[in-house]
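**Q** The structure that follows is given in the form of structure tokens.
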Amino acid sequence: MEYLIFNTCNQFIGFLSKLGCKSGTIEELRGLCSISAAVLVVAIGRAVWVEVIAVILAAHILCCLFFKQEMELSLIGLQNAGKTSLVNVIATGGYSEDMIPTVGFNMRKVTKGNVTIKLWDLGGQPRFRSMWERYCRAVSAIVYVVDAADFDNLSVSRSELHDLLSKPSLSGIPLLVLGNKIDKQGALSKEDFMEQMGLKSITDREVCCYMISCKNSTNIDTVIDWLIKHSKSKN
């Protein structure tokens, strides 16, 4: 009977995880689950354990849903890197070849489970790069998107990234660098991409790198998971 209680709790905790509850909260619930299962077997009879578990799980659900999570992030990178495509794929799962380049900036809110993500999609043309810093202040994370198959602009992309990160106002903000368009022939490997972008030299903040394809949705779920883990609780 203890195993049955434990298994039931764990199945429901897995459901909470899919809703977007923080990993730390999930682990705490798993620990509570193992303790509760043993205690319930001793303390109550077979007739009422289902009702008790239902009450416990309902309380956990309300707790997870009450503590909403939110994050604000800026998507930056050179023009045609695929920033707007990334926003659309995250929001709707859809991809279009005919994307209109972002002029200035666009803002979009996306909800994943109980996490609300506010996305600032910033234009990548030279005349807009001076405003990147302004929209990166106080965000939960900076997402820098690079066309991993555009070798002609890699050095410019690297220079713009490192120049941006040198701004004192952006110190310590987590950085997610995405090598996009890996569906294209000749796109860089992750190791070569990280070397070309000089990512290992960035030591003043958390840095994460994924190789993605908005067109094929490659690693998009991984990106979303990273974003959710970096969200902030809102009571």
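Glycine residues also receive a Cβ, built from the backbone N, Cα and C atoms like all the rest.
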**Q** Report the candidate from G123, G124 that shares the GTP site with G77, L78, Q79, N80, A81, G82, K83, T84, N180, K181, I182, D183, as recorded in TrEMBL.
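**A** Answer, per TrEMBL (GTP site with G77, L78, Q79, N80, A81, G82, K83, T84, N180, K181, I182, D183), from G123, G124: G124.
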**Q** Taking the Cβ of A81 (GTP binding site) as the centre, count every other Cβ atom within 10 Å, in any protein chain shown.
**A** 24
**Q** Can you tell which of the binding-site residues (K83, K181) has the fewest other C-beta atoms within 10 angstroms of its C-beta?
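**A** Least crowded of the binding-site residues K83, K181, by Cβ count within 10 Å, is K181.
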